[in-house]
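A short write-up of the structure that comes next.
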Ligand SMILES: Nc1nc2c(ncn2[C@@H]2O[C@H](COP(=O)(O)OP(=O)(O)O)[C@@H](O)[C@H]2O)c(=O)[nH]1
Ligand SMILES: [Mg+2]
């Protein structure tokens, strides 16, 4: 079954996450035996996918309009068509090298399958995008959480990308999963940063370990990791200041924090999550490269995907940096930080196109009926 048919079977075009039963309701239903585990998992997948679809609305609308225009301008698959397609993809922040890889493979595929009408290439474009995304499969996609014992997550990134907000959302997520969470206010540099984290901590019910503004972030980490260890906390999430202007300083600061943490938990930090703002496009890629030079980044939190029409940046990050996107920010609500899911992402980008092909199929079937 092609990817379009698979999606059409699974998801309804008019549905949103709000149409589905709530998490509380569904957990109750499961406990009461009203639904099976399979049904629960299916609901979970549906909910995630519709959240991606809502968060990717801007990107989807732009992509859809441009692809439609492309298909009506170029009906035959030829070099002009591929060049125009390349332009659209680069405009969607897919990333230069990834775009070339994608269109090269599309050229071959078109030849191989003898596809001459651009309309017939739509599904292959989507399939190739999924394939390219899944290519570096050895990269661990899920967050490393210790079975028992403390997990330390360090959150890094420049000012304003959404670190503190994402920490609040992450804390909320892990609390909901029944874990105890503590936050460390390691951004002692920026005025108001400590209080901002405190507000999130209060909101989600997580203790915040803090010191005065201007104090040594490594000292805050030392306090926090000791407190977390003593209280038997499951997850400690550490906020940091992202001063990329001075790489040497940043490297020293992060290095010192890590050293202090490792004195208490030798295998920590279990994750170093680099937060990037999707609306900054190529600049986000440059930031990621700089951070890779100063510390071992284990995953990306890509925020504000809801605020950009250039959602292709996910592909560029994975393919051109070799760092997995572990979380995406799809809005400003507490539950708008989602674990990255390639299928939901692709559906979110192409839902209209996928269901549009449904309408075309129906119209074609009707035409055949009339002929009979
Ligand atoms: N629309 C949207 N806004 C976000 C998202 N994540 C963060 N923000 C906003 O980005 C701004 C900066 O966030 P903040 O957490 O203070 O960034 P920090 O300086 O890296 O800690 C805030 O106004 C957040 O509400 C997201 O996924 N979607
Ligand atoms: Mg902050």
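Quick reminder: no glycine exception, Cβ is built from N, Cα and C everywhere.
The Cβ neighbour count for residue 243 (GTP binding site), using a 10 Å radius and every protein chain shown, is 15. Per TrEMBL, the feature GTP binding site maps to 157-164, 239-243, 303-306.
Among the features that TrEMBL reports, coiled coil is placed at 53-80.
The domain 'SRP54-type proteins GTP-binding' feature in TrEMBL is assigned to 324-337. Panel annotation: around the domain 'SRP54-type proteins GTP-binding' (324-337), residues 51-52, 54-56, 136, 139-143, 162, 165-166, 168-170, 172-173, 203-204, 271, 273, 278, 299-306, 314, 317-318, 345 of the same chain, lying at least six beyond its termini, place a Cβ under 8 Å from a Cβ of the stretch.
Outside the coiled coil (53-80) by six or more residues, the chain places 16-17, 88, 91-92, 110, 115-119, 121-122, 125, 305-312, 328, 330-331, 336, 338, 344-345, 347-353 with a CB less than 8 A from a CB of the stretch. If you count neighbouring Cβ atoms within 10 Å for each of the binding-site residues 157, 160, the highest count belongs to 157. Only 160, 163, of the binding-site residues 160, 163, 240, 243, place a Cβ under 6 Å from an atom of ligand 1.
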